Each structure stands twice: as C-alpha cells, then as structure tokens.
Amino acid sequence: MSTILHLDSSARRTDNSESSYNSISKKLAAGFIGEWKMRRQNDTVIYRDLSQTPPDFINQDWIAAVFTDEENRTKSQQKLLAVSDTLIDEVDKADIILISSPMYNYGMPAVLKAWFDQVIRIHKTFTFDLARGDYPLEPIMSEKTLVLITSTGEFGFEPGGIREKINHLGPHMKVMSKYLGVDNFYEIRSEYQEFGDDRHKQSITNAKTEIVKLVNELTHPAHA
Ligand SMILES: Cc1cc2nc3c(=O)[nH]c(=O)nc-3n(C[C@H](O)[C@H](O)[C@H](O)COP(=O)(O)O)c2cc1C
C-alpha cells in the first residue's frame, strides 16, 4: 500500500458555472488520482488545497523556534511549529507527492512556496554539517517520488523550449524537493491556456495521456 500526498495550489476552483474559469492543473491532478485509484483503490490519499487553507508565512519567531533545541522550546514556540510539524508528518508518510501548480509570474504560487518553507526544516527534513565541505546540506528522508502537474498560459517552458530560461516553476521545485527525500521527479505540463486555441486543447490531451502513462508506470509491481 502506498500513500499519496496530493497538494493543489491554484487560486481557481473547479466548480465554477463557467467551465473556462476552472483550474486546469487541479482538474488534471484529480484525473491522476482517479487513474491511480482505479488501479490501487486501497492506497491512501492525503489531500490539501493550499489556496483554500494557505500555510502561514514563516517569520523571525518561526526561525528562532526551529533553531532552538526541541527540549528547550517554550510552549509558544511549540505552538508556532505545530503547522510545520503536521505538514512534515504528511510528507514523511507519503511515498508519492503529487503537486498541481499554475505558473504565476514564471514561478509557483505564494501558497505553495509557503508550504515548502514550512516543510523544508533543519533536523526534520535535512541536516547541516560544515564537515561536508561546500555542500553541507543532506536530506533525511529518501525514496520519494514527486509528480508535478503544471498549467501555464504561455508555452515553451520545457528543456530546449523558447521560454526554458524563464521557467522558475519546475526547475525550482526540483531543487527544493531533494530536501524532502525526493529521488524521482516527474513533470507533466499543460500549456497555451492564454491562447485558447487548438494547441491548448492538444496540450491538455497530451497531459492526460502522459498522466495515464505515468500512473501505469508508477503502479507497476516494480514500484509497489
Ligand atoms: C496571477 C497570474 C499570473 C500568471 N503568470 C503567468 C506566467 O508568468 N506565465 C504563464 O505562462 N502564464 C501565467 N499565468 C497563466 C496561468 O498560468 C494559467 O492561467 C494557468 O492555467 C493557471 O492554472 P490553473 O488553470 O490551474 O488555475 C498567470 C495567471 C495568473 C492568474
């Protein structure tokens, strides 16, 4: 049995009366879960809509609490870290982290960055040791898979694409995910939303096909 941590982050919902207002990334991620459940109905899904319940931004008190030894933390410091503790616990339980994200201003939505800031935490998800030389950080967890499903208004953000160099969404997430124990990173993109033409339709169709393919690959007994 596997556990999937499913995080949505678009500000848009999926139940608008005008369907074009609905979130594409959320819908595709729901499709991923649907495909998964058809093959592995007993697997557990932990779900969060980060836009509906955004994690707090970290602040100076949060950082001070993190750098205080656990046994010396005051009650208020423990309380301050309670959200982070809960979110990290969900990451710890997850074999697969499924994140759906729109591209906002060439990167991820603030609510998703707030989640990463809450969960990438010293002594919990990574250790820091200057004896390691120029790369003092090491992840504590391992063997997790992250599947990122994105929707963008423009196109060409893939490696070799015309906007590769201004894509700060997938590449940024791939770097950070290492500190959550992610060893396998997959990205499925839907593009052209702002053009609304056949290329957009085709891009969604391609994303759905890639989702089925990836779910088949990940639910194959070799990954059980
Ligand atoms: C605030 C905002 C910023 C956006 N910035 C970008 C951008 O930098 N590049 C891009 O290609 N599309 C951009 N878009 C378009 C979205 O990525 C696109 O609408 C996508 O489908 C949103 O995801 P969703 O359908 O899951 O809500 C932006 C949209 C919004 C609302």
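Cβ atoms are placed via backbone N, Cα and C, with glycine included.
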_Same FMN site per TrEMBL - residue from Ser9, Ser10 joining Ser23, Ile24, Ser25_ = Ser10
*asked:* Need one number: mean pLDDT over the domain 'Flavodoxin-like fold' (4-213).
replied: 98
*Where does Ser23 (FMN binding site) sit in DSSP terms: helix, strand, or coil?*
coil
_Taking 10 A as the limit, how many CB atoms besides its own sit near the CB of Ile24 (FMN binding site)?_
24
*Surrounding CB atoms that lie within 10 Å of the CB of Ser23 (FMN binding site), all protein chains*: 23
*Can you see whether DSSP assigns Ser10 (FMN binding site) to helix, strand or coil?*
coil
*Maximal Cα-Cα distance (Å) across residues annotated as binding FMN, namely Ser10, Ser23, Ile24, Ser25*: 9
